[in-house]
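Colleague: So that we are looking at the same thing, I have put the structure below in structure tokens.
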């Protein structure tokens, strides 16, 4: 064998072999990065270069997910046009009318600044490029970087040369990560996952080397991460937990001390530079574990230092007692501070991860977002395919050596699989560690089965080093695989799994994650593709047919889109900072016209926009979200809006003839079905989403008039009528126009009089 | 004319006195009956308490406590209701704001249930006063329906909304000394036990195999959707309509308890086969044995994965991929 491959030996052995391998490795990594970028371009190729939100609603029956690419895009444009300092002070009066929003101080600027910097660099290199194209392609570009970071991280975990490359390839095309990083999904997560992985890589490097430089680099990228995504809290808690577990395992070392203290001191200072974060790192319970471990490690370090000088056993006991006492006192102090309110309690979103029933009762606005729903098992398989069963195997292999970095992998794996189970959205943080563990497991197999040389049992040095600490299954020495047949079988089947994985990822990406929710694609009976473009049709109608400052009221899911595409002020949007304001909109939607009209007038609303999927069978429409509007409104006005009233006596949510009066009189119901019956022959009107007949009579609208309905009736826009010229209420005015006789007001109390300011 | 008016006036005063006296008495009577908790009512007492001229609020829960009626919510909510009544009766409140809390059990008050045509329990009725400073025009009671299990705080805020503005007693949950004491005892017991047993326990705690097993089980549980079961409270299994059992729920966003366990088992088998191939097989010295082991594990891996794909296909109809056997 040696003779036949002698020509290759020059390339594969010795120093030139090393450089050949290095070159090969670089080429492979570049190919992986290119594949990662390419697999995210489906939507750009199919549709066009537009910003969009990622929407699983058609594949999985859920509401569209509130993410904010449109807002980010708007903010980036503002940043590029007006410069960094005015971006910092940006007060946006075109959202949350009439409140406005202090945008500069309430966002994570990392994403916008990153694309702004790229834009200016390209300009400096005299490459004229539109800021929109940078925004669209930022996420795929960073996913290529994520694959590289993944390679670095996994190489720290394993001596096997293949593990890193496998992990990079997995990360490049795993649907769990693609879901939030396809071209056009210009969201914080686009850069945040790269930063997450890279920060962890730097952290592992710091712990391994105990160097201040790596610790400082960790802090630097942690700061960048804080500026980019609210999920930085995950790092803030994971690194202290890692250190804490290491301390509990009796693995204190100066390496850990140096890297942790460097990271904590610099990272905390760095994170406080972001106005939105401000003093949270020292005043919020989310960050207290980092502070606590910082204190603990000082104590342990001190004890370790003193131990060298104290000979007697008694002294050591005293020392231990002292350390424990100080720690206890510190802990009690923290508890006292948080009880007395100096330290803010856990933030709602974070807390709802632990107490899973919390959000539903106390913060319906969080519970209403489909991304915050728990994850059913098909979603795991959908997003990770065969990595999901390689994952536990890889974690098991980490117990084999159990060095400091392997402890990190184990903690990360357990914690993030819990989080991903509680919230669909956190699948994103699970994906990196799944890729690491799966790559470790797979490289463990491939390294044994893809070796050509046969093992020689006699030559095996029988060093049965009985290490009681190691795992039972790895106590015997490695022999190797004897027969070519078994090598072929295993290698062959794994190749099949890998090919299947690639096919699965491509299928998932192209089918589920690459359709912008603003543009829906459907198949015609003959198999051709039909594009449903109602959203953009309606937004451009708004842009061209309404006054520049016409206020549009819609449910908050569409706020950013209206702001970005139609460029009109909105009442509420996806930045859900003011629950009461959202509840006001919910109340207006779920009340009778007589109640809603004054609300609309008070908020200067000119147009009301609803999404109705009944004609097309588009399940993510407003009537399906309606109960959340009711619930959120009920949270503020429990006496005026009652969820119970929207259910029939038998507890059903109906929209047909048996719908409750409250339901049929609600503004949302009326706006959805107004004139819908005219599309069908009499008595045949069908709602294709809820699969029921709708009442034969169209609801009557008095205070609104239909202004626009898109091609497929997905978007319906209504104009709010002005006050009547003759001072009548709208009820009477409409009745008069219809030629109905005016009711005698004197006979009985009459219909409820409409009060208008 | 003047005579008439004075007469009328005096009549009204007298009738007012006459009317006020019994209500005053009713309130005193029930107030004294309800030393701490709510008053237990029966048909007659309910009628007397909610009779028309009253200058107090009456909050009554109509409930069915007996096990026969199978009203779990009634029994669950009873301590909460007592807590509300107790907090109110013991707390500081304005002198003229009078509220009586009562409990009417179905066994004692069938007639009331019939009269009010109540089909469900528990129901809470709040009768506003008809005379006095807080008198309401409509004497119809406000009704609170239970849509799900609720806490005392939610109901108390509902009651407070119907009472006039002003200071009201706080809802006080009594400190559960029993629990604190037992927690401390258990904690100290655990510490003692640990110190005594540490020579035996420590090797177990430091055992790597144990930790590996715990982590793997946790990961398998979480990734097979156990948290979804916990949060959504899904059924364990469901019938398929023909008397059989359907193991897998239809639809991408549904699952059964048993289904997740099957999936967790599949994942476990697959992971174990992977571990065996990666760690165990290369350490076997016997040539034949190794060959057999490789074939078995590779076969298990292939078959189980094929089964997993077929299960996933049933959940997601349009899924195009499969592996041969299943």
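Glycine residues also receive a Cβ, built from the backbone N, Cα and C atoms like all the rest.
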Colleague: According to TrEMBL, which stretch among A:379-399, A:505-525, A:526-546, A:547-567 corresponds to the feature transmembrane segment?
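Modeller: That would be A:379-399, per the transmembrane segment entry in TrEMBL.
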Colleague: Of A:354-378, A:454-478, A:479-503, A:579-603, which span is tagged transmembrane segment by TrEMBL?
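Modeller: It is A:479-503 that TrEMBL describes as transmembrane segment.
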Colleague: Looking at the candidate ranges A:1-21, A:22-42, report the one that TrEMBL labels transmembrane segment.
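Modeller: Spelled out, TrEMBL records transmembrane segment over residues A:22-42, not the other listed ranges.
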Colleague: Could you pull the average pLDDT for the domain 'STT3/PglB/AglB core' (A:552-601)?
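Modeller: Averaging the confidence scores along the domain 'STT3/PglB/AglB core' (A:552-601) gives 87.
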Colleague: Please work out which recorded stretch in A:106-122, A:190-206, A:261-282, A:318-344, A:430-452 has the most C-beta pairs separated by under 8 angstroms from the transmembrane segment (A:479-503)?
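Modeller: It is A:430-452, which has the most Cβ pairs under 8 Å.
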Colleague: Under an 8 Å Cβ to Cβ limit, what residues of the same chain, 6 or more beyond the ends of the transmembrane segment (A:159-178), are close to it?
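Modeller: Answer is 21, 25, 28-29, 32-33, 35-36, 39-40, 143-144, 146-148, 150-153, 193, 197, 382-385, 387, 427-428, 430-432, 434-436, 438-440, 442-444, 446-447, 501-502, 504-506, 508-509, 512-513.
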Colleague: May I ask for the residues of the chain that lie six or more residues beyond the transmembrane segment (A:106-122) and have a Cβ under 8 Å from a Cβ within it?
Modeller: 72, 75-76, 79-80, 84, 87-88, 129, 131, 134-135, 138, 186-188, 190-192, 224-230, 274, 276, 575, 577
Colleague: Where else in the chain does the transmembrane segment (A:288-306) make close Cβ contacts, counting only residues six or more beyond its ends and a cut-off under 8 Å?
Modeller: 236-237, 239-241, 243-244, 247, 252, 254, 256-257, 260-261, 264, 268, 281-282, 319-320, 323, 326-327, 330-331, 334, 338, 343
Colleague: Honestly, do the transmembrane segment (A:190-206) and the transmembrane segment (A:318-344) touch, with at least three Cβ pairs under 8 Å and pairs 6 or more apart in sequence?
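Modeller: No, these stretches are not in contact.
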Colleague: Go through the chain and flag residues at least 6 beyond the ends of the transmembrane segment (A:134-153) whose CB is under 8 A from any CB in it; none is fine as an answer.
Modeller: 29, 32-34, 36-37, 40-41, 44, 49-51, 69, 72-73, 76, 111, 114-115, 118-119, 122, 164-165, 167-172, 177-178, 180-187, 190-191, 193-194, 197-198, 200-201, 204, 432, 435-436
